[in-house]
Amino acid sequence: MPPPPLSLPLHGPAGAASVTFAGDEDVKKRVGKKLQKKRHEPTTPAVELPERLKEGDDAGEEDLVPTQGPPMFMNMNQSIFGLIAAAGSRVDFHDRFESSDDESADEGPQRDSADRSHSSSTHGLFLHRKQRRRDESDVAKTTVLNKDPYGSGKPEKHKRKISGHKLLRSLPALPRLPRHKSKKESSKLEPPSEEASDGSGFAQSQPVDEAEDDEDDKDHRLAPVMSRMLEAKAEMSARPSFDVERFSSDQLTYSESADSNDTALARRLQDIFEFDQPEAVIEEYPCWLLQSVLLQGYMYITAKHICFYSYLPKKALEVVKSGYLSKSGKRNPKYNRYWFRLKGDVLSYFKDPSNVYFPSGQIDLRYGISASVTDKKDGLNFTVVTHHRTYHFRADSAPSAKEWVKSLQRVIFRSHNEGDSVKISLPIENVIDIEDTQMLNFADTCKIRVIDNDETYAIDEYFFSFFSFGKEAISVLKILIEDASSTAKDAARLKAVQEEEDRQQQQQQQHPMQPPMQASARSSMSGSRRAIAPPKLTTNKLPEAVKATLSPMSAHSPSALSPRASMDAARASFDAFRSFRRRSLDLSTIIRDSSPRRSFSGNRRSMSRNRLDDQRRGPHQQGSTDSYVQSSMEEPSFSGMVASSIEDPSASQILRGSDVFQNPTMRRSGSASRTEVEKQQRRDPRSPPTLATYSGQHAATAGSLNDGDKQPVTPTLQSITKMGAFPLQRVGAFAEYLNNTSSKLGSMLATESMGYVEKVSGMWRGGRKHYDAPPEIKTDDEDLYEDAEGKIQTSMDRFRAHFALPETEKLQATYFGHILRVLPLYGKIYISDKSFCFRSLLPGTRTKLILPLKDIENVDKEKGFRFGYSGLVVVIRGHEEIFFEFGQAEVRDDCAVTLLQSLETTRYLEKIGDLDTEEREDEENAMAERDALKEARQTEEFHDHDVHLPKETSGVSDAPTILFDDPKASFLNFKPPQPLKITCLTIGSRGDVQPYIALCKGLLAEGHKPRIATHGEFKDWIEGHGIEFAKVEGDPGELMRLCIENGTFTWAFLREANSMFRGWLDELLVSAWEACKGSDLLIESPSAMAGIHIAEKLSIPYFRAFTMPWTRTRAYPHAFIMPEYKMGGAYNYMTYVMFDNVFWKATAHQVNRWRNNTLKLPNTSLEKMQPNKVPFLYNFSEYVVAPPLDFSDWIRVTGYWFLDEGSDWVPPQELTDFIAKARADEKKLVYVGFGSIIVNDTAKMTQEVIDAVLKADVRCILSKGWSDRMGKQGEEAVDQPVMPPEIHVIKSAPHDWLFSQIDAAAHHGGSGTTGASLRAGIPTIIRPFFGDQFFFGSRVEDIGVGICLKKWGAISFARALWEATHNDRMIVKARVLGEQIRSENGVDSAIQCIYRDMEYAKSLIKRKAGKNIQVEPDEDEESAEESWTFIGNDEPDPDMTTKKLSEMPTLPGSSDTKPLGTRIMRVSPSQQSVA
């Protein structure tokens, strides 16, 4: 037995390593202690057996066939370095510049003497504001509502300060594309709309926050002198208004002393949309925002605003949809089939759905623009357009393509909105007009055109659809706008006259000695100059701008329902409710990856950026063209590009073009908080742009991509003092560094990126790099070079882009090494705070690994496979280990320590429930916000305005995608309007009938009328559940005896059945026809043989359902023809072809005769029936049998159909006492029961079970059902062995209750029993007898949750019992699998699949009915076979195979015959690639 994995010693909080740093002498002396141990085998490690189980010979025991192949043996010596300190390296000044660390924004208290010269009140206010700002949440996420004394009385969490957010920034003032925004802005008393939002969701709460962060920034980095001079000059002019703004903003809080006359709804709307004061609510209507989708929400019409609110939660961790699609390559037009998974904002595709850690590719839908069906004829092809490229897909059916498109549209729409709700606030004074439009046939729609703000008067359009109250709502809106328009005109005229009078009076005061004529002339000239601009009288200054979390439709959009109508605008960059933790686009990624598409935002946003620049500069900045401090997170060349694209460069701009003359932009952060990580800012220096100018081809570059955040240029005394606070002791070290590493100075001054040779040499040199080292490891000086070069943020952006991870993912370290799968593959390892990733670097390879840290169990250090390499084994929960190799032992040790620390941190956060705190709080606050609005609506007079759904849209094929306020709601409801008479036809044992009882109970709950047609002995059981019963002839006991003696449906079975059961088959067919009459839908186990013909006769939809694979696939062999060894995809596929042909040829004569005589149908054949096109429901879990890659879209793996009967079952007192005694004795408790299996010698099997239980030293609950079935006639009764006290015999017990009481289960391996034991999360021992039991035994063993016995006897069974109760690895894997199975609801999934595929099933029946009308009974018609059938020059011919098989005496079901398929068939490479 190999020693247990050795975990490295962890000390300190969250598993922080205790690392000691010394000088060169200590580094040279460090030695790692090496221990030797064997490499883990890739299969489940064997547990050392006790001596009592080692003794004994099992050579005479019964061999159970088919058996599995021999386990692969691996011998890998392991070496473990126990000293963590040995992995560290000496830290000196030079080493700090070589490594890369994330910056910290929490070093504010470490201020120099110059900072402390500020007044104590200012400094104290700064600290108070800084702490308060951390606690504030942005409105983009949610409004944390105050307690309403007049409302529901729900407890409030905390009071928000409205000024903390300046809700709803001006839409045109926001960038087209996200970017990291500088916080050094002029802090003026400006309206709430005059601040842009941050591209990464880090919106500035208000100007004072920006100034505070400005102070914070300068404390954490050492800027070059030029940059600090510019910074000081810029800060001076901001200082006076800065102080005023802070004072005023601190006083501006929402008080609950609002006017008592204000309604609860008005106060809620004030909170959510941040009005200056509560506004009277005129009307409220349920409506739908119409863009590329329909979004359900509510419109609130107040005295001054038209507001729209919709609850739209994110689904970051939820798998929205999964299934198979075909995808064409970027350069290869051929379609390849993959398994796709739409999770969160990422569409991933895999070659193997069971290995979700290795995606073949990913599509980040945060960059998505549109998704649409392109093939209008067949409706199978659709595309997804992103900023980077267009992806082409093909579905198996038109409904599947439409479902995928709608799901993708929903995700794209959600990702373009910031936060968990959509909020739009349209000031009534900004509205131009309201127009009735006929956009939808089933709803009243109005178009509202609004002026974005009073800078450029850009026009936006919003479309709202009403399924009820539409005429009334539009009428109210029109009346309101007309009244507001007339009032505004009068106010504008009065204001203009008043301003002119004030101006003349002011001139008289300034020039008292001036002759009246000259003064009058001057004033008249000045007045005429103003009079030239007509907007003075017609377009007065608007009090506020349009505010929204979602980009509007452009007024120049050719079609409001264009796929790009809402996506042309960038992500939610118009988001005035900007979130602090943005989980969307990142500017640097846009700049690098999609520069050619940067002009997609159009010129309007470019103008709005210029407006914002001019607006923010204010009167103090208009005359200045001096440079402003620039801080960029981009490559050095980007800053210069922006400057040159706007104007001729001045000297100051030339200096700004190089990052060495800029403020460092990164601060190392020891915190994983996204709020701190995203304080990476950039500033864009430009001269004041002309109002409403168009930048042409630089629209996105000069406009939406740039912040335009200008700084005043007048220096202040405080900032000049700060400038001199540069620690002189650091200057010498910096100079030494420049002398010793002069080659790197060029990279700091130059604007071009790293060369190809430098990149490649660094890649092959290997090594490691840390991005988030603890503060005790690196000093404050270390981030100087890193920040100046700007590499940290770039590395994090590239890491997230490589693996399509959210922006909350924070890179911690990278390593170069090899991953070992088939051959060593060189690549790069990434460790973040939530994931462990790998990316191959060899040309021609695209291997990626994305492994969540929560799925990793442990990390072991071993010797490598190759000489001189050091190995690392990542042990994954419920998955095989993954092996890595490193060229250097210290790199391997560093990787192990970092990964173990991250694991400990993750486990600790998960334990205290703090792993996803931010996301959870966002969701809870959004729900509270939604509930508060709902409650306020109910108390108003608008409670009768309920949502009316457009039910007629179900028949509109081109209706837009619909998003519901309820995240679980869906318009994709295929439920039939009328209840159906559904018949389930099956034969076999109790395990074959039980799943149908569970399904029928679900159908009963849906309002349908189910019926089960099966053997008569199950009548009472079925009717006991309130289900109708219909009898089908046949004796399941005799059928089981035939299967055990001859194998299940083997040639020997069919040959004997033909000789002995001809009458039985005729009776089965006739009784099945009688039992199914009057049905509207037929669901059949294919072993019943009659259903497909009955459905054809009745012209009703037909489904198949079974407990084991019956559909042709290369992934698994047919469950009735399991080989002794794994034979590969070609053999697996041929087992289905062979079985279909043998099974049909053995019964074709009787079936066709029955069709002619009873059903009055012509003869048929396999080609005409096309059984593999029938929709199929598999009632097992995808976690047990992963859906094969070559399953068609109509083949569904729904999950187990469990019939839980244990809730009302009362266990006998003897049983509960036995269980309690076993627990008291601290003995393992197992269940042994082989169901209703027929055995030749019941006494012998019982004695073997007794001996095995005693040898394994366990307690056993025995269900001895095998002795209760029929035996051979004429045999004398044999005395049964006496049961020892360690065994308690029961007649029966519900599996769901019993398996929850025990430690392991041993049974025959039937599908239902296997599912029950796996759902309980306990190891499973399978002793297969016949049929699918061998298949499920192999699956249980393959996934590592149990044992499939190869031999049967007391010794083998005792060893299995002991291992199942003592193997920790197996126990943990079984527990994990149990959690996954319990999360499924197989019955509900099956019912939804029936609804979804109903039309497809009807189309098959109609097609067959049409053929029968035209075809004569004996005509041999050629029909098209399934399009997914694999055809190749090496594929065996099915007819020839059938002919050969008919000449064989028996098939692999018999124990005395060598299994079929021991010859490996030659297959083409194309066929192997599909397997």
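Here the Cβ of each residue, glycine as well, is placed from N, Cα and C on the backbone.
According to Swiss-Prot, the protein carries these features:
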BINDING   Ser989, Arg990, Asp992, Ala1293, His1295, His1308, Ser1311, Gly1312, Thr1313, Asp1332, Gln1333  UDP-alpha-D-glucose binding site
COMPBIAS  30-40  compositional bias 'Basic residues'
COMPBIAS  108-118  compositional bias 'Basic and acidic residues'
COMPBIAS  156-168  compositional bias 'Basic residues'
COMPBIAS  621-634  compositional bias 'Polar residues'
COMPBIAS  653-674  compositional bias 'Polar residues'
COMPBIAS  675-686  compositional bias 'Basic and acidic residues'
DOMAIN    270-315  domain 'GRAM 1'
DOMAIN    798-901  domain 'GRAM 2'
REGION    1-73  region 'Disordered'
REGION    94-218  region 'Disordered'
REGION    492-541  region 'Disordered'
REGION    594-636  region 'Disordered'
REGION    653-715  region 'Disordered'
REGION    1413-1475  region 'Disordered'
Legend entry - Proximal but sequence-remote residues of the same chain as Ser1311 (UDP-alpha-D-glucose binding site) (Cβ under 8 Å, at least 6 apart): Gly991, Pro995, Thr1107, Met1108, Asn1179, Phe1180, Asp1332, Phe1336
Legend entry - Largest tally of Cβ atoms lying within 10 Å of a Cβ, found at which of the binding-site residues Ser989, Gln1333: Gln1333
Legend entry - Span of Ser989, Arg990, Asp992, Ala1293, His1295, His1308, Ser1311, Gly1312, Thr1313, Asp1332, Gln1333 around UDP-alpha-D-glucose - largest C-alpha separation, Å: 23
Inset, instruction - Enumerate same-chain residues with a sequence separation of six or more from Asp992 (UDP-alpha-D-glucose binding site) and a Cβ-Cβ distance below 8 A; give 'none' if the list is empty. - result: Thr986, Thr1014, Ser1085, Ser1087, Thr1107
Inset, instruction - Give the three-state DSSP assignment (helix, strand or coil) for Ser989 (UDP-alpha-D-glucose binding site). - result: coil
Legend entry - Surrounding CB atoms that lie within 10 Å of the CB of His1295 (UDP-alpha-D-glucose binding site), all protein chains: 25
Inset, instruction - Sort the residues of the domain 'GRAM 2' (798-901) into helix, strand and coil with DSSP and give the three counts. - result: 22 helix, 50 strand, 32 coil
Inset, instruction - In three-state terms from DSSP, label Ser1311 (UDP-alpha-D-glucose binding site) for me. - result: helix
Inset, instruction - Quick one: give me the count of other CB atoms within 10 A of the CB of Thr1313 (UDP-alpha-D-glucose binding site). - result: 25
Legend entry - Helix, strand and coil totals (DSSP H, G, I; E, B; other) for the domain 'GRAM 1' (270-315): 4 helix, 27 strand, 15 coil
